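Let me begin by presenting the structure, written as structure tokens, before commenting on it.
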Amino acid sequence: MSDVAERVKKIVIEHLGVDADKVVDNANFIEDLGADSLDTVELVMAFEEEFSVEIPDDAAETIVTVGDAVNFLEKATAA
């Protein structure tokens, strides 16, 4: 697991209070992890703070799974 993936997983576990074994790449924040719309906004803000990046609204709308977040953040931090 990449450093980005580990950091994303830690943030998701802390913000949503879910078991680590549920936080897998294809886990949907809302459908699988029980997040609501406010939770997803807070997750995006936490990702921005942790990785020192800005996630535009149009990109944030496409981040619906743990894997989506990891992929976006790996690209954003590699630039």
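Sequential numbering from 1, following the chain as shown.
Cβ coordinates come from backbone N, Cα and C, glycine included.
Given the structure is predicted, the values throughout are model-derived calculations rather than measurements.
Feature list (source: Swiss-Prot):
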{"type": "DOMAIN", "residues": "2-77", "note": "domain 'Carrier'"}
{"type": "MOD_RES", "residues": "SER37", "note": "O-(pantetheine 4'-phosphoryl)serine"}
- Task: Count the Cβ atoms, other than its own, that fall within 10 Å of the Cβ of SER37 (O-(pantetheine 4'-phosphoryl)serine), considering every protein chain shown.
- Result: 9
- What does DSSP give as the helix, strand and coil breakdown of the domain 'Carrier' (2-77)? 48 helix, 2 strand, 26 coil
